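Working notes, beginning with the structure itself.
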Amino acid sequence: MATAAAAAAARGAGARAVAALRSGCRTAARGRSRAGPARSLCTAPGTAPDMKRYLWERYREAKRSTAELVPSIMSNLLNPDAIFSNNEMSLSDIEIYGFDYDYTLVFYSRHLHTLIFNAARDLLINEHRYPAEIRKYEYDPNFAIRGLHYDVQRAVLMKIDAFHYIQLGTVYRGLSVVPDEEVIEMYEGSHVPLEQMSDFYGKSSHGNTMKQFMDIFSLPEMTLLSCVNEYFLKNNIDYEPVHLYKDVKDSIRDVHTKGIMYRAIEADVEKYICYPEQTRAVLAKLADHGKKMFLITNSPSSFVDKGMRYIVGKDWRDLFDVVIVQAEKPNFFNDKRRPFRKVNEKGVLLWDKIYKLQKGQIYKQGNLYEFLKLTGWRGSKVLYFGDHIYSDLADLTLKHGWRTGAIIPELRSELRIMNTEQYIQTMTWLQTLTGLLEQMQVHRDAESQLVLQEWKKERKEMREMTKGSFNTQFGSLFRTDQNPTYFLRRLSRFADIYMASLSCLLSYDVSHTFYPRRTPLQHELPAWSDRPPATRLPLLQEAQAK
């Protein structure tokens, strides 16, 4: 939705450019009927050379129209610090704010993914007896993006759109792209049937061959999988892809469960934790307006305490009405059997029966049903923020009626790219050229088809360039060439609002209402997307003016 929102101006511009051409043709036709039978280039000529000249003249007219539209688009850029809405929601209705911890309250530096990659790689060598030569591979932060699917049995990583179609050119075996012809042969086309897709939480389970990586922590996992695959392929080593997937998954898990990551962060908080002042400001603002707050995280008590002391201060628990650690989400939202346990100041679990969740106390495990019973907090008065669309948000919105906010750190960098003049020029012309192709495809003679093939080649090159603007291998997190990604489909379904970080809340009043923009359906007129720029919010220049 984010990329779609920013591209709306380009789509509208493209539509207006093509409409202008059509209008010009109609005007010329009316003039021709008054002036006599004189030929116009807006009427399809009868001979092939005239047809070629006609099409290229339409092309040049479209280019000129597009160039004239770009400055107006550049004056209405989207704000990277804005909050975007999938569903209408008023903060005036929200009395209770809930938060995940990792990548929600706390953001980590680029050093953390390198740490996870290196630690998991060493576990593969030392505990799973993988070749020591894989140590030559280092973490590349620019290789993978979130939301990709991994075919466990074929050992290929790919990007899939909202309609279960693979985006050709984004299928990787190891560190090398798989040719389109081979992908189509493997999957008998480019569509992945529902029964082969991952389960509800994006996991590969019995009968499913795909795993979707939705967690920000999964970026080093995807890169490690690809690096080890690359080593085996380059050295002609026969291996079982299912075993490799499981061993890498277990190694990444052990980096967390064995405390490797937690100890490293606690030992050097300043190296790994970013932007603490922003989270502190958000929590202080909500507290000043009398909002209740709670924390539900899968991270351990001492780790959360160390981070929150750095972010907020030693009295951070005074801000929260309830703090729950090691919650084991998403099981926390579904398993009614696990009771809460208190955690004392030394991190020791107590055996007391819990009758009330007390402010300033830390609790472990538990479940949401008991949480609701003990707090009395219900439904649409609660807004919960998290970065994992499945584990954090899906059950809350589908089963419990809570309002949800997704934290998507990648959003800010993507919007900055989309605000560049080069991107806007490319997208505007891409949409105009697509409209031109659609309009002119009726000309079936050989000369016309040669021209149209040149246009299609140019369109393909522009699409590849646009993809590379975000990520050379996989493109944007939010869309394939034309469609929303599978990631965006789930984001649109499970998150009422989404934003780059919690700091975006600082720009909004606590009674602000978020309205999703009405974008036209395919069978509707594009009037809604072409409405005056003044009604398009949130825009960058308005935020700067404030």
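From the backbone N, Cα and C atoms, a Cβ is placed for every residue, glycine too.
The Mg(2+) binding site feature in TrEMBL is assigned to Asp100, Asp387. Residues or ranges marked as active site, nucleophile in TrEMBL: Asp100. Per TrEMBL, the feature GMP binding site maps to Asp102. According to TrEMBL, the feature active site, proton donor maps to Asp102.
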Nearest-integer angstrom distance between the alpha carbons (Cα) of the residue listed as 'GMP binding site' and Asp387 (Mg(2+) binding site): 8
Cβ neighbour count (within 10 Å, all chains shown) around Asp100 (Mg(2+) binding site): 24
Cβ neighbours of Asp387 (Mg(2+) binding site) where a neighbour is any other Cβ within 10 Å: 23
Cβ neighbour count (within 10 Å, all chains shown) around Asp102 (GMP binding site): 23
